[in-house]
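Visitor: First the structure, which I've put down as structure tokens, then a few questions once you've had a look.
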Amino acid sequence: MSLITTISNALRGGKPNRLRKSQDNSYEVASQWRLMWWKFKKHKVALASAIILLFFYIVAAFCEFLSPNLPEARFTEYKNSPPQKIHFIDPQTGFQFRPFVYGMSAKVDEKTFRRTFAPDPEKKYEIQFFVKGESYKMWGLIPMNVHLFGLKNPKDPLILMGTDKLGHDLFSRIIYGGRISLSFGLVGIVLTLVLGLVLGGISGYLGGVADTIIQRIIDLLICIPTIPLWMALTAALPKGWSAEQTYFGLIIIFSIIGWTGLARVVRGKILTLREEDFTMAARLAGASGFRIIRKHLLPSFASYIIVNVTLSIPGTILGETALSFIGVGLQAPVVSWGVLLQDAQNLETLAYYPWLLWPTAFIILTVLMFNFLGDGLRDAADPYK
Amino acid sequence: MLNYISYRVLQLIPLLFAISIIVFVIIQLPPGDFLSQYIAQLKNSGTAVSESTIASLQMQYGLDKSMYMQYFIWIKNIIIHGDFGRSFQYNQPVADVIGPRLSLTLIISLISLIFVWAVAIPIGIYSATHQYSIMDYVFTFIGFIGLAMPGFLIALVLIYFIFAQTGVAITGLFSPEFVDAPWSMAKVMNMLPRIILPVIVIGMSGTASLIRVTRGMLLDELSKQYVITARAKGVAENRLLFKYPVRMAINPLISTIGWTLPALISGEAIVAIVLNLQTTGPMLLKALMFQDMYLCGSFLLILSVLTVLGTLLSDILLAWVDPRIRFGGATE
């Protein structure tokens, strides 16, 4: 539908007056969500952010296929190696379409005993696309061995963002880490959403004692500094838990502390909507409480909930990152952006191996994009303004 | 006013009680109690632990009693004796261990709060009075970044860039020779330049959100009738601005101290770990790693109580500034 409108609008490009008129007509009959979409489309930054985020999530979903190396593959000759540069021009043969990288040769400094790497023109590795590499299981189910790109011999190094102290390829690990970190934001918000909706709804709709109790609980949770509380609770998770258990344990902890913001929004909205004429009319017409909430109240503030949720996803992602970064969240064999940053904790490593900061770039980008998106959604949330 | 204050103080009691219960639960959370850890530690170091020692230690901490009796013993020790329990990691009373750390956290948080206000209010006023100017956009953009990026990442990136550019490692609050030195004028002078970066990093998000709030509030006020009336009567622009709209716009700033302060203290915890500050954050982390639960429980308890008191102060301040709250009774 929207494609047809776009095309027809483009065809009518020469006649702006008629275009506006036709839009005005549809404006009056358009549904609430359609109006929001129109308003949201005007917010170019938010639209771009949505596309970038979608791209990130797709990459995270297909990380096994898209990453050139396995996250646990180690290039033992290339510990703490700087990133390789992608070349198109070979000094001997000139320009070529197929990109290639040079291998590195290590040199040990005689005084400090630190290894430094320099590109070695002798070792030229051409990058192949849809190459057969190390075998993996797509989504842990389908055995495959095709990677989007990589080197002919998977034992040869392709390290586009450098390696860590064990010789892991940082680029592949960032892609794999994206799956954990990005999904954590989405999965983590589900429980928060349920808690916020239920408790905020009860608080606003029932009022009275239930309202007072829930409000006091919110006051209480706001009083305790969040990060220290997170730290204390995650540290209390049993050490013997598997990676999945810790992941969901963290999500439960975040949700138990984080539902307050959403509950406040829901309560506030319900309190005002409860007094509206259409609610009264529904009640007089004999609608049940559940039906009023479902049919009349929920659609009225669904957009606000979406905004609120969008704006709280980055907080959850950052929480996981922060906790894993300081070492109380997810632990080493698991790869998340926070776990990757653990290597970049002290100034010494940062000074010598600055490429270990790469995960920060992705975290910051993700968080900013979510914020822009949330901002755009907020502007679009009330299309009748 | 007195009525209002006493009502607010009374309201605090159940809140403090609930906080203490949460903290007690957290202390009890890790498997095994503190005593079995302590005994294991003694055994590891080769000390023979007799049955009678264990029994006497159990008596001392009431570990042979039921859970709620343990809670009462714990809270009684805190309120009456100021005894927060024992840190087995340092083998000292918790109160002695955390005192200096806590005061540094408080100093940094308070300086950050002042920094947040000193920077955010003028910028907020400027942005509102020069709406849609270039500087307004610049400040909005910076504010957006500050709001979205967490302090510890900013800190991480900053220390790297400063080190890469100048070769100076700006971690820690003091030069090595001052770390364990008693407080003196020289130590304070040593700290001052080093405190700037943590304060900026910690205050960043607070500043960003406060700029937004101030700008929004002031814009609301500026479009009201009384401003137009005053302007029509020829009141000088600056006098008009600071006499009424700014005073109105500052109200929510005071009422949000309650949220700003815990956010600052909370953000400080991880920034301090990155910047290697001698404050509560790193010590709390270490205590958690060693499951030194009395130590981290006490941190949590004291930080929360301080936050509650901060909120109380801000409420009183607000009532003092805004007569509508003072006379409107205790309800909102």
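The backbone N, Cα and C atoms fix where each Cβ goes, glycine too.
Since we're looking at a predicted model, the values are computed, not measured.
Relevant sequence annotations retrieved from TrEMBL are reproduced here:
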- B:102-318: domain 'ABC transmembrane type-1' (DOMAIN)
- B:12-29: transmembrane segment (TRANSMEM)
- B:102-125: transmembrane segment (TRANSMEM)
- B:137-163: transmembrane segment (TRANSMEM)
- B:195-214: transmembrane segment (TRANSMEM)
- B:253-277: transmembrane segment (TRANSMEM)
- B:297-321: transmembrane segment (TRANSMEM)
Visitor: The transmembrane segment (B:102-125): which same-chain residues, six or more beyond its ends, come within Cβ distance under 8 Å?
Guide: 139, 173, 195, 198-200, 202-203, 206-208, 210-215, 218, 241, 246, 249-250, 253, 257, 260-261, 264-265, 268, 272, 277-281, 299, 302-303, 306
Visitor: What else in the chain is close to the transmembrane segment (B:297-321), if you only count residues 6 or more beyond its ends and a Cβ gap under 8 Å?
Guide: 1, 4-5, 8-9, 12, 15-16, 19-20, 23-24, 26-27, 78, 84-85, 94-95, 98, 102, 105-106, 251, 254-258, 261-262, 265, 280, 283-284, 287
Visitor: Which residues, given as numbers and ranges, are at least 6 beyond the ends of the transmembrane segment (B:253-277) yet have a Cβ under 8 Å from it?
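Guide: For the transmembrane segment (B:253-277), the nonlocal Cβ contacts are 104-105, 108-109, 112-113, 116-117, 121, 150-152, 155-156, 159, 170-173, 197-198, 201-203, 205-206, 210, 213-214, 284-285, 303, 306-307, 310-311, 313-315, 317-318, 321.
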